[in-house]
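**Student:** To start, I am sharing the structure in question, which I have written as structure tokens.
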Amino acid sequence: MGSQNRDKKYKRILLKLSGEALMGELGFGIDPKVLDRMALEIGQLVGIGVQVGLVVGGGNLFRGAALNAAGLDRVTGDHMGMLATVMNGLALRDALERSNIKSRVMSAIPMSGVVDHYDRRKAIRSLERGEVVIFSAGTGNPFFTTDSAACLRGIEMEANLVLKATKVDGVYSADPMKDPNAIKYDHLTYDEVLDKKLEVMDLTAICLCRDHNMPLRVFAMEQKGALLSIVVGGKEGTLVSESQETSE
Ligand SMILES: Nc1ncnc2c1ncn2[C@@H]1O[C@H](COP(=O)(O)OP(=O)(O)O)[C@@H](O)[C@H]1O
Ligand SMILES: O=c1ccn([C@@H]2O[C@H](COP(=O)(O)OP(=O)(O)O)[C@@H](O)[C@H]2O)c(=O)[nH]1
């Protein structure tokens, strides 16, 4: 029996997809094969009645800090990064709609005629109708990240869990891409992440979750079926929460 036959544990989740995840094997841009796979996996969640909000990154196209290092003004670079997330959002919506999954893109930066301007109440109503809501343009402000945007929108949407899909399969004692001896944690408190300076997410994002008691699970999107497994109660990746017993 697959996890499809089990009951969902969460009514509403906020899933953060990094821009790099959309790039797949390509060095830049968006891989349509990856988009289709994500649409399939997200469709499985919608299929069992989970309400799904998505925050999409932009690192596959532009990052403000990298543009700044190359000589551009930082705020201009961050604006470019946020616009990149809108492009990714449009691509994701296209893939979801091709899979017959109703979805809408909202942007923190008004972009009349292209996508809707972010409106919390409208977003919640869409989620309640079973539509996937893609939150783009991050927080709308420079010097923030889409991880912080994911935690912010997760808290605003009163999601039961924020999920960070990334390249590594959880939070480790050190960056596992650099340290082969790093050990994976099953659970961490927010303060442990901060005290141990674990860099899987920026501090603003972790502090937001801590201050609003929003549980967070870090997992590898590459692992097929992990997403569905988590929403039915699987323990993939690492849970960051107030205590291990905290009901997510
Ligand atoms: N303690 C840690 N545990 C897990 N990953 C970590 C840790 N420290 C740094 N990382 C890195 O953080 C990355 C996850 O962040 P992500 O936002 O997906 O990537 P990026 O910041 O490149 O966009 C992982 O790919 C990993 O290399
Ligand atoms: O609230 C935000 C979110 C994002 N960004 C910019 O958008 C870029 C892309 O987002 P991010 O790096 O978080 O994407 P990811 O790493 O998830 O692909 C960032 O580098 C920032 O330049 C920003 O200025 N404000």
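Using N, Cα and C of the backbone, Cβ positions are placed for all residues, glycine too.
Below are the features listed in TrEMBL for this protein:
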type	residues	note
DOMAIN	11-219	domain 'Aspartate/glutamate/uridylate kinase'
BINDING	K16, L17, S18, G19, G59, R63, T166, Y172, D175	ATP binding site
REGION	24-29	region 'Involved in allosteric activation by GTP'
BINDING	G58, D78, T139, G140, N141, P142, F143, F144, T145, T146	UMP binding site
**Student:** Any residues 6+ beyond the ends of the region 'Involved in allosteric activation by GTP' (24-29) with a Cβ under 8 Å from its own?
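**Tutor:** Distant contacts of the region 'Involved in allosteric activation by GTP' (24-29): 60-61.
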**Student:** For N141 (UMP binding site) and K16 (ATP binding site), determine the Cα separation and express it in whole Å.
**Tutor:** 18
**Student:** In terms of DSSP three-state secondary structure, what is the assignment for N141 (UMP binding site)?
**Tutor:** coil
**Student:** Check the binding-site residues K16, G58, T139, T166 for any whose Cβ is under 6 angstroms from an atom of ligand 2, and report them in sequence order.
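**Tutor:** Checking each Cβ against ligand 2, the ones under 6 Å are G58, T139.
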**Student:** Could you list, ordered by sequence, which of these binding-site residues: S18, G59, N141, D175, have a Cβ under 6 Å from ligand 1?
**Tutor:** S18, G59, D175
**Student:** Around the C-beta of T139 (UMP binding site), how many further C-beta atoms are within 10 angstroms, looking at every protein chain?
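**Tutor:** There are 22 such Cβ atoms around T139 (UMP binding site).
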**Student:** Between T139 (UMP binding site) and T166 (ATP binding site), how far is it from one CA atom to the other, in Å?
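**Tutor:** Pair distance, Cα basis, whole Å: 20 Å.
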**Student:** Considering Cα atoms only, can you say which of K16, S18, G59, T166, D175 is the nearest neighbour of F143 (UMP binding site) among these binding-site residues?
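**Tutor:** Nearest in space to F143 (UMP binding site), counting only the binding-site residues, is G59.
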